[in-house]
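As annotated by Swiss-Prot, Zn(2+) 1 binding site applies to C9, C12, C33, C36. Per Swiss-Prot, Zn(2+) 2 binding site is recorded for C24, C27, H46, H50, and the stated evidence type is sequence analysis. Sequence annotations record features per position, and here Swiss-Prot assigns coiled coil to 224-259. Annotation source Swiss-Prot lists compositional bias 'Low complexity' at 175-192. Annotation source Swiss-Prot lists N-acetylserine at S2, citing similarity to another entry. The feature phosphoserine is assigned by Swiss-Prot to S2, S169, S189, S212, S335, S336, with similarity to another entry given as support. The region 'Disordered' annotation in Swiss-Prot covers 154-194. Among the features that Swiss-Prot reports, zinc finger is placed at 4-60, 78-101.
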Amino acid sequence: MSRHEGVSCDACLKGNFRGRRYKCLICYDYDLCASCYESGATTTRHTTDHPMQCILTRVDFDLYYGGEAFSVEQPQSFTCPYCGKMGYTETSLQEHVTSEHAETSTEVICPICAALPGGDPNHVTDDFAAHLTLEHRAPRDLDESSGVRHVRRMFHPGRGLGGPRARRSNMHFTSSSTGGLSSSQSSYSPSSREAMDPIAELLSQLSGVRRSAGGQLNSSGPSASQLQQLQMQLQLERQHAQAARQQLETARNASRRTNTSSVTTTITQATATANTANTENSPQALHNSQFLLTRLNDPKMSEAERQSMESERADRSLFVQELLLSTLVREESSSSDEDDRGEMADFGAMGCVDIMPLDVALENLNLKESNKGNEPPPPPL
């Protein structure tokens, strides 16, 4: 409550500082603490000639204005963003801008939106007079019967009292209030920089309204019988809704049963069709299988082809026999040419030139070997 929560000085970078806060009405989102403002802090974009709006914390506001009663037109002191004059109320600021700066189109920040809770601290406008006429024209009276009010708890310049807020983010919304805050709709653009507690302010304002209009609320409030009637009506509506829900569920179940029966019928028909098709195709399949077996049993070669194959087999058998015999025959000396010729003649005499079985050839070969073993060895050279 005694600090500007979520606000930092753009000169000394002190955050959540105490005391007065000065808001520049020309530079976007530029704040100074009291010490930096009094020392004349400047930057490349900010100079000492820029109009500044002084904003107080809740504690300082209660200290300065505690116990005083303000009229509706004098809740605070505002600064003109064009000429820098201070001490204006909302009404007098509007009159001053309309008369002195009606043709000025410089972009400035609204001091009322920056100082009052519920406003945008960085609301930039190039038509300040129209903004004042549309947004801040109606007085904020809480009680129509009273001409004065205590604004000590209603409007205070201290923002940042409810929690931290972002310095460069704006959150826009439109609020309309009757009787409590304004008699006409007021459009604000508060940002998260507006961290004061709006709920506490609203509750305090509503408490004043209840005190002033307590009799009217008691006379026009709903009675116990009316509340009972409302409860009965709500119960009837619930019963009707439950009955309608049950009807819908019954209809859904019936439709599901119908769909299930139709699907079952379709599956049965498809099965019968498939069985019929299988029955019709079975004789044809049997005939085809018999036809294939018949083709396998039928001879595929003619007589000439069979003879040529037999002759080819005989030639192959002869070649194999000669190959085996050549490996079994013992090699003789190269000098005995006559013995070689005799062996070849004997080999021809065995009948190997003709086609013979393999066992017959082996038997003839054994006989030849036994005869050669009985002959005397040749004389040495």
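Backbone N, Cα and C define each Cβ position, glycine as well.
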Euclidean distance between Cα atoms of C12 (Zn(2+) 1 binding site) and C27 (Zn(2+) 2 binding site), Å: 17
Between C12, C24, C33, C36, which of the binding-site residues has the fewest other CB atoms within 10 angstroms in the structure shown? C12
Given a separation of at least six residues and a C-beta threshold under 8 Å, show me what packs close to H50 (Zn(2+) 2 binding site) in the same chain. C24, L25, I26, C27, G84
C-alpha of C33 (Zn(2+) 1 binding site) to C-alpha of the residue listed as 'N-acetylserine': distance in Å? 14
For the zinc finger (4-60), residues assigned helix / strand / coil by DSSP: 8 helix, 14 strand, 35 coil
Would you list the other residues of this chain near Zn(2+) 2 - those whose C-beta lies within 8 angstroms of the C-beta centroid of C24, C27, H46, H50 - in sequence order? L25, I26, Y30, T43, R45, T47, M52
Listed in sequence order, residues not in C9, C12, C33, C36 with Cβ within 8 Å of the centre of the Zn(2+) 1 site Cβ atoms: D10, A11, L13, K14, F17, L32, A34, S35, Y37, A41
Within 10 angstroms of the C-beta of the residue listed as 'N-acetylserine', what count of other C-beta atoms is obtained when all protein chains are considered? 14
Predicted model, mean pLDDT over the coiled coil (224-259): 82
Count the other Cβ atoms sitting within 10 Å of the Cβ of C9 (Zn(2+) 1 binding site), across every protein chain shown. 21
